[in-house]
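**Student:** I am attaching a structure below and will ask some questions about it afterwards.
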């Protein structure tokens, strides 16, 4: 036993003396490295690769060597985005999405190629981070969307292109992990139909209530009956003119041009005289049409009919009379039935289109025919001196009526411009790019 103890004591002493002996030889004692790791010889079994010992006799690190720095975990989390929880529900015409994010900042929400793209900074299940997701919808949706940011969530409303019920939200059959039904707004298809019917009924009741608040015109039905009868009489009159002229044209050919006035004038006198009622209707407010276009059209036609054509016999056998009467009758053949049906709340789409389109070729042609009649009438009135007058003494100047015809010829095109502008506005209102949506 004593021998064994002496042997053990002898083996330990050299080991304990090594640090002191190393110090005498100029070597450094084990210690921590600049990176916090122990140098070789610390007894922990770590590898010496990449470690640099610091001390009086330590070797220097090679040039260009950079000590590795650990990346904080928070920076790794911020560098990658997360997916928020999204709840959805639907109706026949809309989709509702509720994104579970609070304190949302700078949301980027777009709809491209029927895919919803969402990206926003907010506080969700993984704390304050950037959250994003994409949803490819099952069926086409409208590109416009509406979203509302609240303190606790973000709500998105998307309109379906067609009003129907979807069996699921996304194009892929498997539901995304972050998507779940919104049971606060969830309805079955039958319940949604009942809700839609209830909403329509409520809108109808509200419309009736609003209409009941507006004071009713006690003479409304009387005005409608009066306007219906006026338009009906004018329609029958111009129909007679058009049919009579068309039949005579097919039977007599060009010979019908020269006796048009003697055959049609009486009915044209009646219809154009009755047209003065249109000025009166606009003046007292029975109809909402502007006064100036009606005034220019009625006075212009009656001036040509009664003064230029009716007062001079030489003008009554001109061929231009046929073209004036024919253009007038075709235009009125569609205008008066349109107003007549409007009095009883009937709209015929084909008739509406013809009424606001046929004037495009016929109105300029009718105006051109009127201008030709004025040009032909100027020398006749100059020779006959009809409607000319002499100013009293001391001026004693004779003013020929042909001078007024020349002035009227210039003013004719100004009136045409005003009427064409009015007709164009009417056509744009009924048939243009901003026409009313038909449900």
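Every residue gets a Cβ built from N, Cα and C, even glycine.
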**Student:** Among 297-317, 318-338, find the range that TrEMBL records as transmembrane segment.
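**Tutor:** In TrEMBL, the transmembrane segment feature sits at 318-338.
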**Student:** Against which stretches of its own chain does the transmembrane segment (401-420) lie, if we need a Cβ under 8 Å and a gap of at least six residues from its ends?
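**Tutor:** For the transmembrane segment (401-420), the list is 292-293, 296-297, 300, 303, 308, 363-364, 367, 370-371, 374-375, 377-379, 381-382, 385-388.
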**Student:** Please count the residues of the domain 'CS' (81-170) that DSSP assigns to helix (H, G, I), strand (E, B) and coil.
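**Tutor:** Tallying H, G and I as helix, E and B as strand, the rest coil: 0 helix, 61 strand, 29 coil.
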**Student:** Could you give the mean pLDDT over the domain 'CS' (81-170), rounded to a whole number?
**Tutor:** 91
